[in-house]
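Asks: Found this in TrEMBL, in case it helps:
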ACT_SITE  Asp117  active site, proton donor
BINDING   Lys23, Asn24  phosphoenolpyruvate binding site
BINDING   Arg93, Asp309, Val331  UDP-N-acetyl-alpha-D-glucosamine binding site
DOMAIN    8-410  domain 'Enolpyruvate transferase'
Amino acid sequence: MNEHFVVRPADALAGTVDVVGAKNSVLKLMAAALLAVGRTTITNCPQILDVPLMADVLRSLGCEVAVDGDVVEIDVPAELNSEADYRSVSRLRASVCVLGPLVARCRRAVVPLPGGDAIGSRPLDMHQAGLRLLGARSEISHGCVVAEADGPGAALRGAQIWLDFPSVGATENILMASVFAEGTTVIDNAAREPEIVDLVRMLQEMGAKISGGGTSTLTVHGGADLVPTTHRVIGDRIVGATWAFASVMTGGDVTVRGVDPHHLDLVLDKLTQAGATYEAVSEGFRVRGNGRPRSVDWVTLPYPGFPTDLQPMAIALSAVSEGTSMITENVFEGRFRFVEEMVRLGADARTDGHHAVVRGVPRLSSAPVWASDIRAGAGLVLAGLLADGETEVWDVAHIDRGYPRFVENLRALGGNVERVNAPPAR
Ligand code: EPU
């Protein structure tokens, strides 16, 4: 692919950017639609490739899916195919979230394993352990995760489940698997991300009896029949925060609309420590940078901690801050690959295990760099805004998967970036 972004130094970014629904919510909500026969409508969907890819996964299970702008309509049949198609699943690792709904609906699911990726190994052991406690056998067989209610005609049974780690994906799959289980399921040490709360809300709208969304303990009273619903996806806090970092790094003044600032309480507080000011405004928040940022230490943790998905932005900001920052990655061990690309851009950074130390420099130095995942790609573009000369960011398909209209939005704020389709110059 010859497509890349050319990023040139930017003055202070300024203006308003509208953020649409969260990628990491919409894909799970589409999977949740499987739980009710009939037509579910999801609005405020981001127009990114992952949505049509998820639509293909649902079609392979027997659904009819229409994607029209920011609206997705899913018609779910009474009889679902319990085996997801390898070709569609392999293009979208998040599609493993159909596992829970399929086990709930069909009492059996076969979902090809998506495999590891650039941010680290992504095992499913907690998903499987939870399903086993609900009474499903689960094994990895011929490259697929297979789960099946134990015994012919057997139902899933409510259970007490403690997660070793508040995994987002495991919480979602176990939650969705449990909605038809007999009795009560309690998921302890559950993930508390706003996207989990969004999923809980949609399941409640469908008639599920769930309490505790947004806390570490989710309680599900199983057995209710679910009906289709119309649901609006919450705004993408990671996209919103990416624009906040861009504002602070360039000493800008950016208003983000469409994201609940409470989903970014800790992030916005950290940016304040780095010298920025922020205020809540109607439907969003406004972040103003104030000269060169000050160094801050960052530690990634499950919500409400600092999100691992913003670790590249934290490193990009630290790279141009006054002073030295320590960044600790506790969620995905592979995410520090990003640091190597930042060093190519002149960052004074090194890693040791799950820590990175970054000594800020006043200006970065442009170079061709490669995006290894969605967030690393966005972080490199932000860094390019603070580099002299032209920074080429390659493998931008990653960025397109998480950031709808990324170049257009950045240009509207005054960023000097363009999408180019040409072979490498160097
Ligand atoms: N883990 C296990 N066993 C499991 C499940 C998870 O060891 O059974 C480990 C993972 O290997 C990882 C940690 O637990 O080290 C956290 O994984 P989690 O399950 O919480 O993450 P996920 O559901 O795979 C989602 C987002 C990620 C985001 C993480 C953490 C989606 C589609 N993906 O992944 O988003 O980083 O939660 O918040 O929702 C992104 O958007 O760029 C992205 C990678």
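Keep in mind that glycine also has a Cβ here, set from the backbone N, Cα and C atoms.
How about a rundown of where these features are and what they're close to?
Replies: All protein chains considered, the CB of Lys23 (phosphoenolpyruvate binding site) has 25 other CB atoms within 10 Å.
Around the Cβ of Asp309 (UDP-N-acetyl-alpha-D-glucosamine binding site), the number of neighbouring Cβ atoms within 10 Å comes to 24.
Confidence over the domain 'Enolpyruvate transferase' (8-410), given as mean pLDDT on the 0 to 100 scale, stands at 95.
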Asks: Rounded to an integer, what is the Cα-Cα distance in Å between Asn24 (phosphoenolpyruvate binding site) and Arg93 (UDP-N-acetyl-alpha-D-glucosamine binding site)?
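Replies: Approximately 11 Å lies between the Cα of Asn24 (phosphoenolpyruvate binding site) and that of Arg93 (UDP-N-acetyl-alpha-D-glucosamine binding site).
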Asks: Enter the number of other CB atoms within 10 angstroms of the CB of Asn24 (phosphoenolpyruvate binding site).
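Replies: By my count, 25.
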Asks: Using DSSP and collapsing to three states, where does Asp309 (UDP-N-acetyl-alpha-D-glucosamine binding site) fall: helix, strand or coil?
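Replies: Asp309 (UDP-N-acetyl-alpha-D-glucosamine binding site) sits in a helix per DSSP.
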Asks: Taking the centroid of the Cβ atoms of Arg93, Asp309, Val331 (UDP-N-acetyl-alpha-D-glucosamine site), which other same-chain residues have Cβ within 8 Å of it?
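Replies: Surrounding the site, in chain order, are Ile119, Arg122, Val168, Thr308, Phe332.
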Asks: Relative to the Cβ position of Val331 (UDP-N-acetyl-alpha-D-glucosamine binding site), how many further Cβ atoms are located within 10 Å?
Replies: 20
